[in-house]
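S.K.: Dropping the structure in here first, questions after.
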Amino acid sequence: MELGNPENSSTALMTDFLKKCGGYAVVDGGFATELERHGADLNDPLWSAKCLISSPHLVRRVHLDYLDAGADIILTASYQATIQGFVAKGFSEEEAESLLRRSVEIACEAREIYYDKSTTGSWDYNECGNISRRPVLVAASIGSYGAYLADGSEYSGKYGDAVSLETLKDFHRRRLRILLKSGADLIAFETIPNKLEAKAYAELLEEERINIPAWFSFNSKDGINVVSGDSILECASIADSCKQVVAVGINCTPPRFIHGLVLSIQKATSKPIVIYPNSGETYNAELKQWMKSSGVVDDDFVSYINKWREAGASLFGGCCRTTPNTIRAIGRVLTKNPQTSSGAKIEMQSRED
């Protein structure tokens, strides 16, 4: 599906995709959790991006697991992949750029493998009764400056006075340029912790004349503001003002906060809202571990979906500690109560666990 036509408005681009998906789209889930389940050791500053070097086959496997679970959008393993991070591990800048491109290539390869092996149950019928492939988008993930620091500051947004708007733009610019030309369908700016970084992304999209769409997703720990304390309304307004942004939302945030945040975001934008919360557990930056005290199980996500949809969200997935089973659960709720439209998806067979 082509999302990069500059003649269409940004909202229309995502609206068309959502219509082809039946009104709502499913985003994939936690990546590191699944890589570890497949045997990867992610105790490294590069985190899941380490697997681009050591075990790209596992990256492909996780993408396929989420496609099989019903994801309409898969995010690349580039969240913590930066030129600066790879260089710090001893790679040349050319090798670092190649690894960034490879993150998108692997996701695209997984999509083609999925299409090749798809059965009738994975296809859609349009209003004329013709069969077509359900659309699957590859989103190139860009993590925050704090993700590169690997010190937990992506969960606080506290970068210090030395980090300015220009610092952030200079840090992200080259990676954005590379991912722009990598073959991704859109750019996903994820876990944005403060207003400053949102502004840096918006200015970069304008300055670099980015011709593919993007989404901005913020994180919150109180359901009112983003993690830095900046107003979610102000942050969403920055995203809304950027013509390249096709969706605005929340990720890596406890599910209990999502409903209120969706309502707040709606006050600042009419663009589609994307939400992919974490499991509800708490990340300990010192131990570099997720604490399991308050996590929700997959069935709990099912109980939230309709409430989030009624509040105005239209793209649903999971973040840290969620799994393909979570995505299956989300998909089942959405297909039980699909939006009525001429492009509505007809479910040919149930998706089994």
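Glycine residues also receive a Cβ, built from the backbone N, Cα and C atoms like all the rest.
So TrEMBL has the following annotated:
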BINDING   Cys252, Cys319, Cys320  Zn(2+) binding site
DOMAIN    13-334  domain 'Hcy-binding'
S.K.: Which value does the mean pLDDT take for the domain 'Hcy-binding' (13-334) in this predicted structure?
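M.R.: On average, pLDDT over the domain 'Hcy-binding' (13-334) sits at 89.
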S.K.: Return the single residue from the binding-site residues list (Cys252, Cys319, Cys320) that has the minimum number of other CB atoms within 10 Å.
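M.R.: It is Cys320 that, of the binding-site residues Cys252, Cys319, Cys320, has the fewest other Cβ atoms within 10 Å.
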S.K.: Cβ within 8 angstroms of the Cβ centroid of Cys252, Cys319, Cys320: which residues besides those meet this for the Zn(2+) site?
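M.R.: Apart from Cys252, Cys319, Cys320, the close residues are Gly30, Thr191, Asn219, Asn251, Thr253, Tyr276, Pro277, Asn278, Ser279, Gly318, Arg321, Thr322.
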